[in-house]
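Asker: Below are the structure tokens for one structure; questions will follow.
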Amino acid sequence: MLKSLTVKFNKVNPMEGRMEKKLCPNLSSLSQPTIAQGDNQSEKEPLRSRTPITFEKSHSKEDNSTGENSLRDFTPNPDPECRAELTRTMAEMEKTRTGKERPVSFKTKVLETSIINEYTDAHLHNLVERMRERTALYKKTLTEEENFPEVEASSQTAMSTNISPKQENNSKLKEHQDTFSFKPQRVPVKEHLRRMILPRSIDSYTDRVYLLWLLLVTIAYNWNCWLLPVRLVFPCQTPDNKNYWIITDIVCDIIYLCDILLIQPRLQFVRGGEIIVDSNELKRNYRSSTKFRMDVASLLPFEVLYIFFGVNPIFRANRILKYTSFFEFNHHLESIMDKAYVYRVIRTTGYLLFLLHINACVYYWASDYEGIGSTKWVYNGEGNKYLRCFYWAVRTLITIGGLPEPQTSFEIVFQFLNFFSGVFVFSSLIGQMRDVIGAATANQNYFQACMDHIIAYMNKYSIPQSVQYRVRTWLEYTWNSQRILDESNLLENLPTAMQLSIALDINFSIIDKVELFKGCDTQMIYDLLLRLKSTIYLPGDFVCKKGEIGKEMYIIKHGEVQVLGGPDGAQVLVTLKAGSVFGEISLLAKGGGNRRTADVVAHGFANLLTLDKKTLQEILLHYPTSKKLLMKKAKILLSQKGKTTQAIPARPGPAFLFPPKEETPRMLKVLLGNTGKVDLGRLLKGKRKTTTQK
């Protein structure tokens with residue numbers, strides 16, 4: 001590449017020589033050998049910068065003239081006066097080309113030519129230097145040799161290659177590290193986990209991974225709640241299996257610790273209507289909450305007392321304080337379940353079993369305190385310890401009679417407290433269970449109440465049984481398909497944005513298929529979605545009848561409808577399926593063009609979306625462009641309708657033998673009498689009047 005540039009630069013010198021020869025033959029004869037010498041020397045010498053020499057010095061010292069016209073050994077630094085002189089020279093040359101010549105001295109011409117050559121050499125020299133440096137830089141990047149000479153780029157080179165000095169130094173440092181360093185960089189484990197697994201912030205309401213983590217924390221919490229009383233009272237923890245219990249406890253503690261250090265400080269929260277996702281703010285919010293204090297209290301290491309008192313599960317009783325995660329898991333799980341009442345029933349049953357479990361443990365502790373088998377009231381030591389105590393707890397809390405009478409004062413006080421707490425707790429749980437089941441069946445009860453009121457109303461006014469049957473069928477089908485009788489009332493309390501989101505998910509795919517609304521404003525389509533009403537028709541119901549005034553347009557959401565016609569009005573002309581539209585002509589027509597042209601009957605159960613004319617006009621007031629587009633489409637539909645109605649249907653049979661009669665001329669109709677024949681007397685009278693007037 002550099003060789004080709006050198007050849008190209010050498011081709012410039014003869015042009016300069018010819019210019020100088022025109023201006024001064026003697027000067028050209030002196031400069032040509034020096035230029036050749038300068039080129040030969042420049043190939044041997046390295047690149048360097050020199051300051052420009054003046055015209056007088058170049059003629060006083062002939063040896064220095066080689067550096068004056070050299071392409072490699074000259075870097076200009078002209079004065080502002082020289083630039084002004086060059087500008088004036090170019091203007092004079094332009095005026096010379098236009099034909100206006102001015103007298104110029106010989107010395108001025110030689111000086112101008114020298115300045116032009118200096119500027120040309122300066123730019124070409126700078127270009128060659130930059131190309132060499134760029135080539136060396138690319139070569140170093142490709143080869144990546146250890147002893148490759150480094151190229152020091154100047155500020156002009158950095159600007160020309162669009163590489164800042166800071167970026168170039170960073171790239172050189174990186175290449176140096178890649179070449180000479182063989183040790184891989186170590187990433188801390190904490191930073192690795194933060195990048196690969198844990199996000200900076202967690203949305204507790206939408207993140208399912210966080211829900212799974214809460215499930216794991218809930219399992220650890222239930223392990224402590226259910227098994228700590230058993231280990232504390234029953235002789236199930238022995239020196240043989242003590243290590244297994246300790247290992248399980250350590251695993252639960254690790255789960256607690258990870259939840260406090262890694263998960264909870266990343267939970268997003270809302271402050272002033274804004275969702276906070278900053279890491280420092282999230283940590284500060286968690287550390288200032290009551291939840292953090294309870295979590296820290298639940299993880300205090302009281303197990304160090306094992307050294308003084310031995311392994312006793314009582315020192316792990318503080319693990320039960322982490323109840324906030326348990327209730328948070330229940331809340332999030334109920335919010336995503338389709339039938340949350342099922343989980344509520346299971347959870348309430350779990351509460352009841354846990355209370356019975358605690359009562360069984362307390363009864364065994366009281367029996368052990370009094371002495372196993374010492375009286376009839378205490379546990380006699382036969383059979384499975386836990387099952388016998390649990391059975392006694394069930395009979396006590398549910399207040400089932402037939403229990404042995406307490407003998408000692410301790411037994412009497414214990415039984416009194418047990419009965420009192422049992423009645424209170426059991427009645428509370430039964431009431432909560434009733435509320436859960438009642439909330440689960442509230443909609444069904446509402447539907448049944450509505451049906452009872454409607455049937456009572458129809459019986460009051462002696463409505464025929466056929467109509468009552470159809471009403472019952474409509475109510476049952478609507479409830480079974482939608483689980484609600486009126487969808488509009490359900491969404492009234494929601495904001496408009498949420499109503500639009502729900503409507504988009506349900507009906508947008510249907511509206512998008514309608515050819516009538518294609519090309520309309522998207523916001524207008526959104527407004528239409530909010531105004532659509534869903535209506536269910538039974539099999540055989542007339543959606544609209546021929547000749548009635550049309551005020552609604554219908555979009556089929558589910559099911560099919562049939563368009564009837566023919567002489568008797570019972571012939572099925574076409575069957576419309578989901579996504580089809582009918583009634584749009586009556587909705588968009590003006591004047592008397594809004595009459596229904598056919599009967600439309602539901603074929604099976606059909607769910608139709610209806611849009612009335614008044615609502616559409618209110619919407620189109622805000623969208624004039626869409627209104628014009630719909631009016632054009634309405635005209636096209638009306639014209640197509642007119643063509644179809646004006647078309648003469650083909651006659652069956654040999655129609656060519658009996659062609660249709662031509663229409664009677666209008667003038668002839670005037671002269672026809674009541675009998676349909678021409679009145680000759682009237683014709684004669686008219687002829688006489690014309691002759692008398694002439």
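Every residue gets a Cβ built from N, Cα and C, even glycine.
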Asker: In Swiss-Prot, which of 386-412, 440-466, 494-520 is labelled transmembrane segment?
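Answerer: Within the set 386-412, 440-466, 494-520, Swiss-Prot attaches transmembrane segment to 386-412.
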Asker: State whether, in Swiss-Prot, T375 is on the same side of the membrane as Y286.
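Answerer: Going by what Swiss-Prot records, T375 is on the opposite face of the membrane from Y286.
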Asker: Restricting to the topological domain 'Extracellular' (235-241), report the mean pLDDT as a whole number.
Answerer: 87
Asker: For the 3',5'-cyclic GMP binding site, please report the maximum Cα-Cα distance among G583, E584, R596, T597 in Å.
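Answerer: Binding-site diameter by Cα atoms for 3',5'-cyclic GMP: 12 Å.
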Asker: Please check if the transmembrane segment (242-262) comes into contact with the transmembrane segment (413-437), where contact means 3 or more CB pairs closer than 8 Å and the residues in each pair are separated by 6 or more positions.
Answerer: no
Asker: How many other Cβ atoms are found within 10 Å of the Cβ atom of T597 (3',5'-cyclic GMP binding site), counting all protein chains shown?
Answerer: 17
Asker: Going by DSSP, how much of the topological domain 'Extracellular' (235-241) is helix, how much is strand and how much is coil, in residues?
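Answerer: When I sort the residues of the topological domain 'Extracellular' (235-241) into the three classes, I find 0 helix, 0 strand, 7 coil.
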Asker: Excluding the flanking five residues on each side, which residues at least 6 beyond the ends of the transmembrane segment (292-309) place their CB within less than 8 Å of a CB in that stretch?
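Answerer: Apart from its flanks, the transmembrane segment (292-309) reaches 249, 253, 256-257, 259-260, 264, 286, 315-316, 318-324.
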Asker: Could you pull out which residues elsewhere in the chain have a CB under 8 Å from any CB of the transmembrane segment (386-412), counting only those six or more residues past its ends?
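Answerer: Apart from its flanks, the transmembrane segment (386-412) reaches 230, 234, 355-357, 359-361, 363-364, 366-367, 369-370, 375-379, 418-419, 421-423, 425-426.
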Asker: May I have the list of same-chain residues other than G583, E584, R596, T597 whose Cβ is within 8 Å of the Cβ centroid of the recorded 3',5'-cyclic GMP site, in sequence order?
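Answerer: The answer, listed by sequence position, is C544, G550, M553, F582, I585, S586, L587, A598.
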Asker: Could you tell me how many residues in the region 'Cyclic nucleotide-binding domain' (522-638) are helical, how many are strand and how many are coil under DSSP?
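Answerer: Its residues divide into 38 helix, 46 strand, 33 coil.
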